[in-house]
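K.L.:
Among the features that TrEMBL reports, active site, phosphoserine intermediate is placed at Ser67. The Mg(2+) binding site feature in TrEMBL is assigned to Ser67, Asp285, Asp287, Asp289. The substrate binding site annotation in TrEMBL covers Glu388, Ala389, Asn390, Arg519, Pro520, Ser521, Gly522, Thr523, Arg528. Per TrEMBL, domain 'Alpha-D-phosphohexomutase alpha/beta/alpha' is recorded for 56-89, 127-177. The domain 'Phosphoacetylglucosamine mutase AMG1' feature in TrEMBL is assigned to 183-292, 308-458. Under the heading domain 'Alpha-D-phosphohexomutase C-terminal', TrEMBL lists 476-548.
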Amino acid sequence: MNEEQKSLLLESSSRFLLSQGVKVSYGTAGFREDASILSSTVYRVGILAALRSLKTQSVIGVMITASHNKFSDNGVKIADPNGGMLSQHWEPFADKLANAPSPQQLLQLINEFVEKERIPFDGVRPAEILLGRDTRPSGEALPEAARQGVTSIVGAVASDMGILTTPQLHWMVRARNKGIKVSEQDYFEQLTSSFRCLMDLIPTERKVFDGVNDKLVVDGANGVGGAKLRILHNLLNVLDMEVRNSSEDEGVLNDGVGADYVQKEKVAPRGFGSKDAGTRCASLDGDADRLVYFSVPPESNAQIDLVDGDKILSLFAVFIREQLSLLNEKEDIKNCGKARLGIVQTAYANGASTNYLKNLDLEVNLTPTGVKYLHEKAAEFDIGIYFEANGHGTILFSESFIEWLEVRSNMLSSGSKGSEAEKAALRLLAVSKLINQAVGDALSGVLLVEVILKHMGWSIHRWNELYIDLPGRQLKVKVADRTSVVTANAETVVVSPPGLQEAINAETAKYNQGRCFVRPSGTEDVVRVYAEASTQEAADTLANGVAKLVDQFLG
Ligand SMILES: CC(=O)N[C@H]1[C@@H](OP(=O)(O)O)O[C@H](CO)[C@@H](O)[C@@H]1O
Ligand SMILES: [Mg+2]
């Protein structure tokens, strides 16, 4: 770094001093804190993004959101060149940068990192950053802090893309680096055209819908997703859809609404009740990267029927598998049998979903919690489908498989127009354009679920009956130091403290179909306990028993 660069950094960072006593961490999904203390963090993430852009010589994204956290929080995360999460390799530097106590120490850190990573400054393409934010009022001022961070690197440019869902921003970064147009209109255009293509390819004999009514009602968590879904709905003009909880005029963001609340509490969000009994309902989270479905029972105090991320994954897997087997039926393209379809879940996936998928002869992989791990694993397959139980997930298509599909669909259409194999190839191509290839995206997820249900002729109840969830319970245990819990085998086994896993095993063995694991949360200061068993009562007792063990070993 030359002297001009150093003095620019010193000068601008003196305007964003760290609040006293604040220690932030990049965590599972970026920095999240009370919005009032975030401007220095966002400023520093601006610097980080510009450095990442120089290093990768690509466009980088900065998204200001705290997803499902409470209204008064906000947060910031980075989208890497392919639209995915920030490389894990850079996370320790992100932590150090955000916590550097003074401008001088900040400068020293940056200088050392630039040397170590050999970040090029001269004679290279200047850094370019896309900024996005959700609808939180605290997000109005924060993009300016990010912009000042970005422009404290000489020549760097920040483009403010305005209010977006997290997946829209990730989509734009990915598209920009592939040389594709990146406006919000382009995003909507890609989603609507691929959705229409899938609708046109629905087999005519299946167009009968076995549900009582075909209407979908969506809970927008009073966040950014509801308003965007309304736009999409108007553009499509073919879906019978009502969007509720779509802005702060209707209620507080994430307060008794949203996918996180619905999935964790297993209750209907505010604004939904027995009047919706039997109707297909869905819920987005605060920044619209998670999606769950549910239906409300007629009795007002009964539990909702939750159709979670595992079941969305299963629906997608059934559909993709059907298309691959249609392709296989065509004698001359048996090669597609080589297409590797992989499923990726975490240990939180309901055991019944994993059994169901394995019984379909699918390869199921487990990774640690956090989308960055699932995404990485799914990218190893020709088609990789990943979902967390909480509704964050997507379907990844490898570049080579897409090329193969394009060639095949062209060959097929010259030979046998309108064959089943050709339609299957076209459907898979349309899915690859509809479903977000960068991150889980509730808007594209809703459209894909809706069109697959129509394709299958399934109601939400038929879909929910793919398998019956095993009763489960999740608990949080507050301990002195959660980092003293060390796990292995995709977080299913505790290796430290010694003796804890043996005690968990002994407890779990007492229960029919018992399964239990514990791990330190990456976003909250707690150890999480997850238990499953053949009855709800047994799952509850197992979870409570293991929570006590955690307390005894670590309390
Ligand atoms: C059990 C659970 O839902 N864990 C969530 C939660 O992570 P924890 O590390 O468990 O706090 O937040 C992550 C980020 O949103 C999400 O990826 C993950 O699935
Ligand atoms: Mg989210």
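Quick reminder: no glycine exception, Cβ is built from N, Cα and C everywhere.
TrEMBL labels come from automatic prediction, so no person has curated them.
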K.L.:
Which residues, given as numbers and ranges, are at least 6 beyond the ends of the domain 'Alpha-D-phosphohexomutase alpha/beta/alpha' (56-89) yet have a Cβ under 8 Å from it?
P.N.:
26, 29-36, 38, 41-42, 45-46, 48-50, 120, 124-125, 127-134, 136, 138-139, 142-143, 146, 150, 158, 164, 166, 169-177, 221, 224, 252-255, 258-261, 285-287, 289-290, 371-372, 375, 437-439
K.L.:
Around the recorded Mg(2+) site, report the further residues of that chain (criterion: Cβ within 8 Å of the mean position of the Cβ atoms of Ser67, Asp285, Asp287, Asp289; site residues excluded), sequence-ordered.
P.N.:
Thr65, His68, Thr165, Thr166, Gly223, Gly225, Ala259, Leu284, Gly286, Ala288, Arg290, His392, Ala442
K.L.:
Would you kindly give the Cα-Cα distance separating Arg528 (substrate binding site) and the residue listed as 'active site, phosphoserine intermediate', rounded to the nearest Å?
P.N.:
20
K.L.:
Give the number of CB atoms, excluding that of Glu388 (substrate binding site) itself, located within 10 Å of its CB.
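P.N.:
24, counting other Cβ atoms within 10 Å of Glu388 (substrate binding site).
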K.L.:
May I ask which of the binding-site residues Asp285, Asp287, Glu388, Pro520 have a CB within less than 6 Å of any atom of ligand 1, listed in sequence order?
P.N.:
Glu388
K.L.:
For ligand 2, list the recorded positions among Ser67, Glu388, Asn390, Arg528 whose CB atom is within a distance below 6 Å of it, in sequence order.
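P.N.:
From Ser67, Glu388, Asn390, Arg528, counting a Cβ under 6 Å from ligand 2 as near, the near ones are Ser67.
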K.L.:
Per DSSP, what is the helix/strand/coil residue tally across the domain 'Alpha-D-phosphohexomutase C-terminal' (476-548)?
P.N.:
25 helix, 21 strand, 27 coil
K.L.:
Just to confirm: which same-chain residues, 6+ apart in sequence, have a Cβ under 8 Å from the Cβ of Asp289 (Mg(2+) binding site)?
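P.N.:
Those within reach of Asp289 (Mg(2+) binding site), by Cβ under 8 Å and sequence separation of 6 or more, are Ser67, Thr165, Thr166, Pro167, His392, Val439, Gly440, Asp441, Ala442.
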K.L.:
If we check Cα distances from Asp287 (Mg(2+) binding site), which of the binding-site residues Glu388, Asn390, Pro520, Arg528 wins as closest?
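P.N.:
Spatially nearest to Asp287 (Mg(2+) binding site) by Cα position is Asn390.
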K.L.:
Can you count helix, strand and coil residues in the domain 'Alpha-D-phosphohexomutase alpha/beta/alpha' (56-89) using DSSP?
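P.N.:
Once the DSSP states are binned, the domain 'Alpha-D-phosphohexomutase alpha/beta/alpha' (56-89) shows 3 helix, 14 strand, 17 coil.
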K.L.:
Relative to the Cβ position of Asp285 (Mg(2+) binding site), how many further Cβ atoms are located within 10 Å?
P.N.:
32
K.L.:
So of Ser67, Asn390, which of the recorded positions has the fewest other Cβ atoms within 10 Å around its own Cβ?
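P.N.:
Comparing Cβ neighbours within 10 Å for the recorded positions Ser67, Asn390, Asn390 has the fewest.
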K.L.:
Express the distance between the Cα positions of Gly522 (substrate binding site) and Asp285 (Mg(2+) binding site) as a whole number of Å.
P.N.:
19
K.L.:
Tell me the Cα distance separating Asp285 (Mg(2+) binding site) from Glu388 (substrate binding site), rounded to the nearest angstrom.
P.N.:
14
